């Protein structure tokens, strides 16, 4: 009995142990799901912070590039600016509150007040609608610019009216948010009330809004892109026919697509495709909560519907700045200019401290422009190897002639001697050559250019100095060391010219040479 009792007691306790194990398993699974949900919540918060910073920087750079450069037409620039402005507003209004709600759904109780919730939802709807409606406006402008490149189908006034219509449409489509409290939008899926009201008005509003503001604009964009592609493919035959006939016809409008147009088409198509792919979780959530009336939705689906649609806010400026070659060149050039300007400031600031230690010409110039000019002049008028050799020969010949003059002076003092007279120079030789200056002792007369520190308003440029007077790159005729030497230089007289008549009645001119 004891044994039987001991055998029965374990069997009797098995149901209790099984129920406890099941409860422990349920608790472990609940804790595991809660931990995974918290981890995914942290991931979504981090991603939204990155999207917030990148979207603001990217859209501001798009605005700067469209305002600074004239790469695109004024109408295209206006539509791109409108898209960038809506992205900035959506980032400032939508993302911060969703970051707070994703971090902790029960923090910041003032967010759940009815008035604040309605205002935030209204702004969410407006900026989301403006972003979506800007796509067909850009596609329409591209369609007209490709099919009619020499005409302006959309003027500046019409483009302004179209932008005003986009904002009016967005405001009208977002006004019912004040009447329907539990409305989810594409950027913020948190609702103003915890319990969903399964009213007919809510269902009608969701259907009308998504058809008129989301589905139809996306379909229009694809329709315009298909028409552009079809027109460009059909235009090749027209170009061949007109080129063969050599008779241009005014009635035929040949579509034109440059590299810039192709880049804009690729950018627009990429933006729309990214928007559609990122909106799939939001559409799934709307179908679950509105059409299928499923009250309990997965936390992962809700968080994915919160952060994934916001990727389009970051993708739009990134695609615009990277796909377009002209915009990319402008951006890179601006960054290079900023880098050069910053590096120059650093050089000037470090050079001011070095001026006290070393008295170099480039540091004492006092102006960065004069310093750069002085360096450029040195590079331009730097003598080549041939010029250095000719200059060395010229200096050697000048020293030899000076020694001859000095020896003849000594011989003249000792006694008169007859020396052969040198042949007279011609006029051309006298102009191209200058009498060499007498050698001067460096101790007696120091170099007058030794105190010059660089080219300034009261200094001679380097091409006028005596060291470079024989250079081929000089800007002035060769001069002596001083203006007095040029004045004292005498041009020898040319002998009388004789004219003789030949048998063919040709006049020959022979200069008279002293025998």
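Just so you know, glycine gets a Cβ as well, placed from its N, Cα and C.
Swiss-Prot lists transmembrane segment at one of the ranges 19-39, 187-207, 208-228, namely 208-228.
Look at the topological domains in Swiss-Prot: residue 74 and residue 265 end up on the same side of the membrane. The feature transmembrane segment, as given by Swiss-Prot for the ranges 140-160, 161-181, sits at 161-181. Cross-referencing 11, 324 with Swiss-Prot, the residue annotated as N-linked glycosylation site turns out to be 11. The transmembrane segment (300-320) is in contact with the transmembrane segment (83-103), judged by 3+ CB-CB distances under 8 Å for residue pairs 6 or more apart in sequence. Shown for the topological domain 'Cytoplasmic' (140-160): DSSP residue counts in helix, strand and coil, namely 13 helix, 0 strand, 8 coil. Counting Cβ pairs under 8 Å to the transmembrane segment (119-139), the top-ranked stretch among 161-181, 208-228, 268-288 is 161-181.
Model confidence over the topological domain 'Cytoplasmic' (321-515) is summarised by a mean pLDDT of 56.
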